[in-house]
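Feature list (source: TrEMBL):
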- 14-453: domain 'Major facilitator superfamily (MFS) profile' (DOMAIN)
- 12-35: transmembrane segment (TRANSMEM)
- 55-75: transmembrane segment (TRANSMEM)
- 87-105: transmembrane segment (TRANSMEM)
- 111-132: transmembrane segment (TRANSMEM)
- 144-167: transmembrane segment (TRANSMEM)
- 179-202: transmembrane segment (TRANSMEM)
- 266-292: transmembrane segment (TRANSMEM)
- 304-325: transmembrane segment (TRANSMEM)
- 332-351: transmembrane segment (TRANSMEM)
- 363-387: transmembrane segment (TRANSMEM)
- 399-417: transmembrane segment (TRANSMEM)
- 429-449: transmembrane segment (TRANSMEM)
Amino acid sequence: MDIQYKSALPFVLLVINVVLGSLFFGYAISYLNSASNFYPIYYLITDYDSSTQNLLKALVGAIFTLSAGGGAMFSGNLLQMFSLRKAFMITDLIGIIGVLLEIISNIYTFYIARILIGFCVGLNSSLIPLYIKEFSPSRLSGSLGALNQLTINIGILIGLISAFFYSSDLNDEKSNDNVFRLFLEIPLIFCVIRTLLLALVFKNEPPSYYVQQNDLSQARQIVEQYYLQDKVDQILEKIKSTIEQKRLQNETYKDLFVNYSQRKRLLVGCGLQLLQQFSGINAIMFFSKIIFSSILKDNETKINWANVSVGLINIIFSFIAISLLQKFGRRTLLLYGTIVCTIFLAVAFGFSFETNPNTTVEILIVLAIFGYLGAFQLSLGPVAWIYDADILSEKGMSLAVLCNWISCTMIAFAFVILDIDNNKDRLSIVFGFFTGCCVLGVFFILKFVQETKDRSQSNIDIFFSLTKVKEEGLLG
């Protein structure tokens with residue numbers, strides 16, 4: 001593939017700025033995890049009886065994930081009203097307001113803040129990949145797309161590291177309040193920096209925006225900034241062709257359910273998103289400190305190190321995934337990755353029945369969780385999204401994203417209601433449920449998921465258009 005752009009650096013800088021929203025995303029997932037012992041005190045949740053406390057804590061996660069799903073769905077409407085760059089600035093403004101409200105020590109403003117922060121996360125989850133896709137040359141799209149996922153994992157790690165700064169003495173409220181307030185303010189940095197850079201440095205919209213506005217001279221100027229002169233016309237024609245194809249398709253949400261091919265794609269796409277969540281990933285991302293507290297007998301130092309290891313494993317295996325995605329097919333990674341996830345979850349499930357586990361058993365359960373995380377980052381984590389992008393239209397993808405967030409909400413709500421903190425024996429229920437879901441996931445992949453890597457779109461279309469076909473013969 002010949003190189004069409006002048007230098008990769010301008011694209012890298014554009015993406016580094018915009019994925020500050022991914023840092024916000026990752027951090028928003030994990031920082032309350034580290035403060036699971038302290039935020040109920042800060043927001044006066046502990047003033048209520050235990051059953052009400054559980055409900056209030058369950059709502060913290062549920063309203064965050066539901067509003068994130070709403071944000072992801074609303075992103076398309078936002079882009080009909082504003083350009084992509086302005087949409088990011090509005091997203092950051094919502095995030096800033098949410099963070100400022102979250103600093104207030106009040107349960108009601110806390111919930112409003114979680115709604116706004118979740119909405120901001122949902123917008124970022126949709127807008128950032130679109131920005132990367134619109135600006136990136138095909139030669140760089142994979143690496144720059146991986147930078148998005150990597151930055152989310154870095155945000156998660158930063159949130160998990162915050163656990164080391166809290167006092168283990170819950171009675172030391174003043175110290176913990178100050179630390180908690182400081183870590184609440186960190187996302188302001190991500191929002192403010194990105195907005196300022198978009199306003200002052202990265203002022204251009206993607207060239208496709210100007211083509212849609214019939215401002216071809218401005219579109220040409222943008223393309224000329226980044227691409228070799230003899231490639232400019234070719235790039236512009238490709239942009240025009242892509243926009244025209246989208247215009248001709250003019251797909252509605254109704255088409256996704258009426259058309260057999262689209263309905264079949266939606267089944268597979270949403271099924272993978274359900275599997276991704278019901279394999280247990282966000283139960284660990286949101287509640288790893290509670291899980292490790294149940295396993296490691298409330299040894300705060302061990303718990304914090306195990307918690308930080310979750311973030312480190314995510315980052316390490318994100319790098320490994322980049323290489324594997326180039327070598328192996330989507331179906332292969334999904335199938336064998338899910339099998340490995342099942343094995344590690346089954347190990348954790350088996351040992352979680354120990355009523356008085358010794359150090360060896362504790363280590364085995366923790367290592368099984370780490371093994372699951374590694375396998376997930378090599379398979380269901382990135383590949384479910386890539387596979388869905390291969391088979392789904394934009395509207396189909398938006399429904400798959402909504403499906404992901406709704407299932408994430410169900411997991412978050414159910415986990416808190418189980419009250420693992422005070423009922424450590426229920427941890428086996430959690431591991432057993434996730435193991436069972438992964439087993440079902442293996443059969444789902446075997447039955448419905450076909451390889452899409454290096455397949456033409458027409459080849460993929462043929463499979464999803466037929467009701468009865470020997471899939472191996474058709475798609476290899």
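Including glycine, each Cβ sits where the backbone N, Cα and C put it.
Because TrEMBL annotations are produced automatically, they should be read as predictions rather than curated entries.
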Honestly, do the transmembrane segment (429-449) and the transmembrane segment (266-292) touch, with at least three Cβ pairs under 8 Å and pairs 6 or more apart in sequence? yes
If we skip the immediate neighbours and take only residues 6+ beyond the ends of the transmembrane segment (111-132), which ones have a Cβ under 8 Å from one of its Cβ atoms? 14-15, 18-19, 21-22, 24-25, 28-29, 59-60, 63-76, 78-79, 84, 87-88, 91-92, 94-95, 97-99, 101-102, 104, 141, 144-145, 148, 187, 206, 398, 401, 405
Residues of the same chain, at least six outside the transmembrane segment (332-351), with any C-beta under 8 angstroms of its C-beta? 272, 275, 279-280, 324-325, 357, 361, 364-365, 368-369, 371-372, 375-376, 378-380, 383-384, 387, 428, 431-432, 434-435, 438-439, 441-442, 445-446, 449, 451
Would you mind listing the long-range same-chain contacts of the transmembrane segment (363-387), meaning Cβ under 8 Å and 6+ residues beyond its ends? 146, 149, 269, 272-273, 275-276, 279-281, 284, 291-292, 295-296, 306, 309-310, 313-314, 316-318, 320-321, 324-325, 330, 333-334, 336-338, 340-341, 343-345, 347-348, 351-352, 357, 441, 449, 452
So, taking each listed stretch (12-35, 55-75, 87-105, 179-202) in turn and counting its Cβ pairs to the transmembrane segment (144-167) that are under 8 angstroms, which one gives the highest count? 12-35
Other parts of the chain folded back onto the transmembrane segment (179-202), taken as Cβ under 8 Å at six or more residues beyond its ends: 13-14, 17-18, 20-21, 23-24, 27-28, 31, 34-35, 38-39, 42, 85, 88-89, 92-93, 95-96, 99-100, 102-103, 117, 158-159, 162, 165-167
Residues from the same chain, set at least six apart from the ends of the transmembrane segment (87-105), whose C-beta lies under 8 A from its own: 18, 21, 24, 42-44, 75, 78-79, 112-117, 119-120, 123-124, 127, 131, 177, 181, 184-185, 187-188, 190-192, 194-195, 198-199
Folded-back contacts onto the transmembrane segment (304-325), same chain, C-beta under 8 angstroms, at least six residues removed: 30, 33-34, 142-143, 146, 149-150, 153-154, 156-161, 163-164, 284-285, 288-289, 292, 296, 333, 366, 369-370, 373-374, 377-378, 381-383, 386
